[in-house]
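Asker: Got a structure here, written out as structure tokens. Questions coming.
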Amino acid sequence: MSNTYGLERLGIINPGTIYRNLPMARLVEIALARGEGLLASNGALSVNTGKYTGRSPHDRYIVDTPAVHDSISWGAVNQPVSEATFERLYSRLTAYLQGKDLFVFDGFVGADPAYRMPIRIVNEYAWQNLFVHQLFIRPTAEELAGHEPRFTVICAPGFKAIPEEDGTRSEAFIILNFDRRLVIIGGTSYAGEMKKSIFTVMNYLLPEQGVCPMHCSANMGPAGDTALFFGLSGTGKTTLSADPERYLIGDDEHGWSDKGIFNFEGGCYAKCIKLSAEHEPQIWNAIRFGSVLENVMVDPDCRIIDYDSDALTENTRAAYPVDFIPNAVIPGVGGHPQTVVFLTADAFGVMPPIAKLTREQAMYYFLSGYTSKLAGTERGVTEPKATFSTCFGAPFLPRSPMVYANLLGERIARHNASVYLVNTGWTGGPYGTGRRMSLPYTRAMVRAALNGELDKVEFTPDPVFGFLVPKACPGVPAEILNPRNTWAETEKYDAMARKLASLFRENFAKFKDVPVSIQEAGVVG
């Protein structure tokens with residue numbers, strides 16, 4: 001009798017062949033043999049996820065039980081679903097899996113052994129199992145032998161919910177059950193749902209252990225100094241943390257404990273629309289055999305990749321293990337950060353390319369989480385629009401925003417970290433008339449912030465937003481540092497700045513229990 005690896009404990013009975021922790025090459029072979037994708041000219045496995053090319057936030061639910069009810073910030077992000085609804089759907093899902101070959105990944109989330117969690121992911125598709133093999137932390141043979149998962153994800157894209165029977169909004173569903181330590185995903189092939197489900201789990205569990213979970217990338221300088229880059233999808237977390245002059249800790253999800261910071265993952269999930277070897281050489285070179293390309297156009301005959309094409313989606317992605325980046329820190333841990341960067345892609349074109357924040361301003365802008373929702377990262381978003389995503393990660397935060405803000409604020413204060421706001425969005429006008437901020441200039445400004453060069457320049461307070469804008473920065477033309485100077489008609493800039501300021505005030509009004517010092521640290525003009 002073949003080994004079932006304990007799947008019967010999940011209610012999965014009579015499966016076909018179960019493949020557990022296959023090596024990368026075997027998963028690629030099987031995916032190709034099953035017609036799940038094709039091999040691109042650089043050796044990466046290229047797949048198409050169908051109509052779901054981004055996360056489906058409106059199809060994500062948390063099972064409402066007495067044990068978690070008072071800990072969850074219920075609402076449009078954390079939608080409740082009953083235990084009965086979950087069990088009904090779960091029963092049909094496990095029946096669907098009977099007779100099917102399944103791919104199991106047993107590994108970990110959390111690079112710090114003190115906080116890492118053993119996880120299991122069960123996949124219907126070989127390519128998705130390759131994805132999680134590359135994205136999470138892979139076990140040693142010894143660790144695998146004694147592996148007991150504390151949380152399990154079952155992902156079956158071919159199984160579709162029936163909304164009128166299952167109580168879902170659509171055929172797609174992502175349901176987190178904290179009591180059962182189980183996540184079920186169906187109806188969508190977008191691999192990011194698995195990654196972000198585990199992130200949400202960590203965001204729920206870690207605050208109880210005194211750890212601040214963060215939607216950020218992190219890197220380390222030659223002297224061991226670390227930096228964090230917060231931001232929503234498409235704002236530059238992966239791009240800016242992959243710096244040949246520094247060592248990459250991780251590109252998306254981290255924890256900040258009393259010992260320092262640690263990566264949750266063992267891989268990267270990079271946006272690759274318009275990727276170029278010139279501007280992002282580390283990411284370009286990391287996409288090779290063993291990597292997964294999601295919804296990237298590949299010529300079916302010559303297999304040449306067209307990174308410029310958004311024919312399938314703007315949200316094209318590449319997944320690869322962190323050690324495909326030559327200067328990655330293994331394991332992904334570092335000391336307490338000296339610099340914290342908040343990234344925003346401002347579609348209004350009024351935010352400066354870089355500004356320094358006081359601690360109170362840092363809390364204001366962290367809670368605000370302003371950016372522009374960029375095309376493709378969520379279904380239905382086809383052009384950028386202003387959005388406020390609390391703590392730069394509202395879709396993944398099950399608890400009250402103040403839980404995360406207090407944890408971060410306490411650590412910034414205790415370790416005296418410098419905080420900067422960096423705009424990777426538009427300058428010279430709003431989206432449509434302005435232009436996207438130059439990546440080389442952004443890199444130069446971030447470099448100046450990290451190496452202390454900005455400590456030596458003069459700053460001037462922004463009359464509307466209050467933060468401090470540098471008058472000079474090495475490697476950057478002085479005229480672009482003040483965004484008002486980049487607009488042809490300054491009165492239009494002033495009107496747009498006032499418009500954005502009013503949106504900030506309107507959004508922040510929902511934070512009733514925030515100290516007055518933080519409320520007053522925001523918009524001033």
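A Cβ is built for glycine as well, from the same backbone N, Cα and C atoms used for every other residue.
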Asker: Determine which of ARG317, ARG411, ARG414 appears in Swiss-Prot for the same ATP site as LYS196, HIS215, GLY231, LEU232, SER233, GLY234, THR235, GLY236, LYS237, THR238, THR239, GLU280, THR442.
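Answerer: Swiss-Prot names ARG317 for this ATP site.
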Asker: For the substrate site that Swiss-Prot assigns to ARG55, LYS196, ARG317, which of TYR61, TYR190 is also named?
Answerer: TYR190
Asker: Translate the DSSP assignment of LYS237 (ATP binding site) into the three-state scheme.
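Answerer: Assignment for LYS237 (ATP binding site) reads helix.
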Asker: Provide, as an integer number of angstrom, the distance between the C-alpha atoms of ARG55 (substrate binding site) and THR235 (ATP binding site).
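Answerer: Their Cα atoms are separated by 16 Å.
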Asker: Report the same-chain neighbours of ARG317 (substrate binding site): residues 6+ apart in sequence with Cβ closer than 8 Å to its Cβ, ordered by sequence.
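Answerer: Within the chain, ARG317 (substrate binding site) has Cβ neighbours under 8 Å at ALA191, GLY192, TYR269, ALA270, LYS271, CYS272, LEU293, GLU294, ASN295, VAL296.
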Asker: Rounded to a whole angstrom, what is the C-alpha distance between TYR190 (substrate binding site) and THR235 (ATP binding site)?
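Answerer: The Cα atom of TYR190 (substrate binding site) is 20 Å away from the Cα atom of THR235 (ATP binding site).
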